[in-house]
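Asker: Below is a structure I'd like to ask you about.
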Amino acid sequence: IHGILNIIGWGTLLPIGVIVARYFKQFPIKLDPCWYYFHYSCQVVGYILGTAGWGLGLFLGHESKYYTFHSHRVLGICIFGFTTLQILAFQFKPTQEDEYRKHWNVYHHFLGYALLVMIPVNIYKGIKLLKPDNITWKWTYNGILVLLGVVVLAFEIVTWVVFLYKKCCKKTVEESSPRRVEIEEDNK
């Protein structure tokens, strides 16, 4: 149950929330303000499930006197702390006009991407602890990560195609614009 809660909460829902924030805020489809509510919902539900799994992991660690998994425990505590900071960041987010907003954005993005690295590492550490049945769980989580990776790759390709198309078409329209010809004639 500890592993399932963490795989679903922190290992799946949090990355889905990041994907929504990255690809539906502006590019390729602007879904304002729906993207924000979906991003926030994924993060909160993922945080709740992950926190329940984390608490269960602490309980399991306390109950197993002869088994200690130091690196898995330390990473789990760091993940819980950082995700708590991210959830609190929603409450203390400055307005768009606030001069500190750019610093908040850097903090929020840096910590979020750091978590995207730490979470799978810790999930794989936890899967490695399952001696007889770690292959099934490993391939299950591999499948989840591959699926998320394919979605990200598809959105990244679409984003770049849309960006380059708009840039190319904008340049073509500006070059053939009658106003541009008038400006060039005035400059001569």
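Cβ coordinates come from backbone N, Cα and C, glycine included.
Bear in mind that TrEMBL entries carry predicted annotations, made automatically and left uncurated.
Taken from TrEMBL, the feature domain 'Cytochrome b561' applies to 1-164. Marked as transmembrane segment by TrEMBL: 7-24, 44-62, 74-92, 104-124, 144-165.
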Asker: Counting Cβ pairs closer than 8 Å, which of 7-24, 44-62, 74-92 has the most of them with the transmembrane segment (144-165)?
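Answerer: Out of the listed stretches, 7-24 contacts the transmembrane segment (144-165) most.
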Asker: Averaged across the domain 'Cytochrome b561' (1-164), what pLDDT does the model get? Just tell me the whole number, please.
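Answerer: Over the domain 'Cytochrome b561' (1-164), the predicted model scores a mean pLDDT of 88.
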